[in-house]
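See structure below.
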Amino acid sequence: MTIKEHKVVYEAHNVKALKAPQHFYNSQPGKGYVTDMQHYQEMYQQSINEPEKFFDKMAKEYLHWDAPYTKVQSGSLNNGDVAWFLNGKLNASYNCVDRHAFANPDKPALIYEADDESDNKIITFGELLRKVSQIAGVLKSWGVKKGDTVAIYLPMIPEAVIAMLAVARIGAIHSVVFAGFSAGSLKDRVVDANSKVVITCDEGKRGGKTINTKKIVDEGLNGVDLVSRILVFQRTGTEGIPMKAGRDYWWHEEAAKQRTYLPPVSCDAEDPLFLLYTSGSTGSPKGVVHTTGGYLLGAALTTRYVFDIHPEDVLFTAGDVGWITGHTYALYGPLTLGTASIIFESTPAYPDYGRYWRIIQRHKATHFYVAPTALRLIKRVGEAEIAKYDTSSLRVLGSVGEPISPDLWEWYHEKVGNKNCVICDTMWQTESGSHLIAPLAGAVPTKPGSATVPFFGINACIIDPVTGVELEGNDVEGVLAVKSPWPSMARSVWNHHDRYMDTYLKPYPGHYFTGDGAGRDHDGYYWIRGRVDDVVNVSGHRLSTSEIEASISNHENVSEAAVVGIPDELTGQTVVAYVSLKDGYLQNNATEGDAEHITPDNLRRELILQVRGEIGPFASPKTIILVRDLPRTRSGKIMRRVLRKVASNEAEQLGDLTTLANPEVVPAIISAVENQFFSQKKK
């Protein structure tokens, strides 16, 4: 067997940069906002070399200001005191609702795709203004004031958006907790944020199942005297929902008491708009703080320029407002621009795998933004449904949440986009607020597997994690950092600014540390390697787990792979791969004769040889564990921490598993590791 030479960003040498298909240009409602790569480079260089001039122009063009700012930007990454648009006054709710309602009240704002399609509805900007004003009035009547936090625990329904905008309207701070979190997780976030008001619903509906949302809230807040009011929306109208007198109030009853217009409160640009809790390396969640002016501008600019969004477009972001994707690209980005946003309550599999494509056909969606996890699911079991529907309205296909592998990128382009759409593989995070690395649709040529180029104002760099020195030029790999502030970056961690500094600004002084590994290829394009703690070092070789995972996933029988590094006395670390297989093929309990006579040992041997051939002998997994499924968070990401602990024989130290969407797989994984790994070591 010939082992190919290992190259820096080696996969970049196997793909070509692709220009936007002609269909993209033919279907544009108007001229593109950025016309080509040269135009992007000119704008990008100005945003880096003259950031105050660049963002001053953008802020005045895209946002309505009640009072002008006196300085565009102050502070530094070194000191952790970054501020934008100082002394400027504005309101997020006004920017997202009022100005569009006044100009075009009958234009669709929210397109609600309910769990049951018979419950679908459209809310115009005029209706949205009235509904937001009423809930804002309720909160104001309860004494909620500027600077207070309000917790929102709602499924992906229009009322979640209404609640967020209502909180922002009165200058308060919303703290959305994903409605799939446990009672204990909800309690932790409510207490940490000091939220005295919680907004929830009686029950949720998802995938044809009913979720006892109010019951979870009651359990989580039992004994929490901090919470004085709970506003409950009737999602199902089921009778007998427990309501605590003096604390719990029905949404529809309280809203009916309020006027349908409440003037918005003028906020400082640096006033917090929201908190959003994200997992920390210590296991305790941290409340990331985003401010009003800078965040809104980042949301608007990336939605406009990355997706080439026009006012007539329809954006379908298949993400929940419980996560940053829903905040930025289902709510604040499109609504700031006055663009219709699809709010999707259900799952891609309910009532069948044609759901996404029916939504696109029904509403003539022009943009579809989804996580690779959902795409892998559809590719595995639901691909045949795509061709049944007319998806020709699509112009841009986005990917979010994790790097999308080149093969899945190609499948997305061919099967979903019919080779007519631009693929926008976007790299960003809760803390960045909006896109960091992403192609500008129609202007920047794309490469399968690459997030491509930095967005305006993102002064991206690659740092050697050992020396801390920036790596100049192309064909380099290291950790991804940003060396100057940008408007939508998080300003702090709620009540723990020291944690903010320690996590993001102190690891590489003068830089914002993303926590991700990355490579910059020969063309200057960025390839995201995943979290730095998902990089293993075997005998001095730094290996990206995503690189090994991609190699294993190329096998025809493999559905998905997750690679972790565990301690090894000889090599420092060794590679362990967990592999789930396609339906109809070998499963983790397979025996001789299953799956066309492919035995477990034969399959493991094939996969190891494949990695050796595609990357090098040093990257070969020491063992491959065959499992039925992998543990995932509720946002769809693989929880590699669990896999690492189990393979390290530390199953009793798994820590908090409340964010797992499928905790039932953990015992099976422990058993598989015991049978396939530890038992072999004992022989």
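Cβ coordinates are placed from backbone N, Cα and C, and glycine is handled just like the others.
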Can you tell which of Asp407, Asp516, Asp521 Swiss-Prot lists as binding AMP with Asp425, Thr426, Met427, Trp428, Gln429, Thr430, Arg531?
Asp516
Swiss-Prot tags one of Lys447, Lys506 as ubiquitin cross-link; which one?
Lys506
Phosphoserine according to Swiss-Prot, picked from Ser76, Ser118, Ser450, Ser679:
Ser679
Find the one among the binding-site residues Gly401, Pro403, Arg531 whose C-alpha lies closest to that of Lys209 (CoA binding site).
Gly401
What is the interatomic distance between the Cα atoms of Gln429 (AMP binding site) and Gly401 (ATP binding site), given in whole Å?
8
Can you give the largest Cα to Cα distance in Å, as a whole number, for the residues Asp425, Thr426, Met427, Trp428, Gln429, Thr430, Asp516, Arg531 that bind AMP in the record?
17
What kind of secondary structure is Asp516 (AMP binding site) part of, going by DSSP in three states?
strand
Report, as a single number, how many Cβ atoms besides its own are within 10 Å of the Cβ of Arg531 (ATP binding site).
17
Intrachain C-beta neighbours of Met427 (AMP binding site), sequence separation six or more, cut-off 8 angstroms:
Pro403, His435, Leu436, Ile437, Ala438, Ala451, Asp516, Tyr526, Ile528
